[in-house]
Amino acid sequence: LLDGVYPFYLQQRKASMYDVSTIIVIVVFLTFACSFLLIIPGIRGRVRLYWSLRVLFSLIMGVVIVTVQFTGDWETGWVRANTSYKSFSPALVSADIGLHIGLVGVNISLRGNPVDQVNETINYNEHFAWSFNADYDQSYSQGLERGLPRPILYVAEKFTMRSPCSMQRQYRISSHYASATLWVAFCTWLISNMLFSMPVLVYGGYMLLVTGAFMIFSLLSFSTVRNSPMCLIQFGTATLHTGYGGSFWLTLATGLLCFVAGISVVTLHYCNLDLLKTFFDLREDKSEECQEMTEV
């Protein structure tokens, strides 16, 4: 205790949506994109536009598949309530409590309204991980030792293993399956790029369809948790409700885009092969070789 109250730390906490892993992934893909932009002036004619569309479209798919693995906004929710700020203290504060659920853990935010109340700055954000190499209950125990605000501990307790709500077990299993299917989608995305470069165009289109299918499977896996009965997270008369966040809808949009691209490639292969070859910059002297590879 410090002057009869629990101590609170002053340093900034982890952001609710982005962390170091997300930034690293984005920087790596931006490096690839910038490297391509440096060589694109050497490509002549309309082929420059076709190359730009193909490369940028492929990089967007790849960065989305990898980035959503580390984001924390697959499911989000906010509520404004008057709640106690410290344990064993009758003082109430007006604050916004946020819950951000990702594939690797949960973020809980507490933001005062206004920020400065009870002689303190109320602006917290805590991350509790449940990945394979993390112990959620240990993170929760460390939060108790640090003296986190009571609303954060109340929400975090709902996800502990000993909680009767079993929310961590539900979200952890669904998140692990969603993450696994996304990594499979990343592998099929790599295979589709290799097939397009060989070039075996129709099979590259098939692999784009498989990539989109696995991305949809990941969404179905994560959404199954909402079919189970959930414990209410209440602060007085206010209830914290969650809904699908930006990462969920971004994954859905990218999966549908993969379906559209895959169907377009397969359709052009059977209906207008010359247009497909033009888009992929296939030379005329290699047409017979490409036809034989496609038949194989």
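Heads up, the Cβ atoms here are built off N, Cα and C, so glycines get one too.
All TrEMBL annotations are machine predictions without curation.
Annotation source TrEMBL lists transmembrane segment at 20-39 (among others).
Annotation comment: TrEMBL describes 51-71 (among others) as transmembrane segment.
Summarising the annotation, TrEMBL assigns transmembrane segment to 91-110 (among others).
Under the heading transmembrane segment, TrEMBL lists 177-196 (among others).
As annotated by TrEMBL, transmembrane segment applies to 202-225 (among others).
Positions annotated as transmembrane segment by TrEMBL: 246-270 (among others).
When each of 51-71, 91-110, 177-196 is scored by its Cβ pairs under 8 Å to the transmembrane segment (202-225), the top-ranked stretch turns out to be 177-196. Of the two recorded stretches, the transmembrane segment (246-270) lies close to the transmembrane segment (51-71), with three or more CB pairs under 8 Å once pairs fewer than 6 apart in sequence are set aside. By the Cβ criterion (distance under 8 Å, sequence gap of 6 or more), the transmembrane segment (177-196) is counted as touching the transmembrane segment (51-71), at least 3 such pairs being found.
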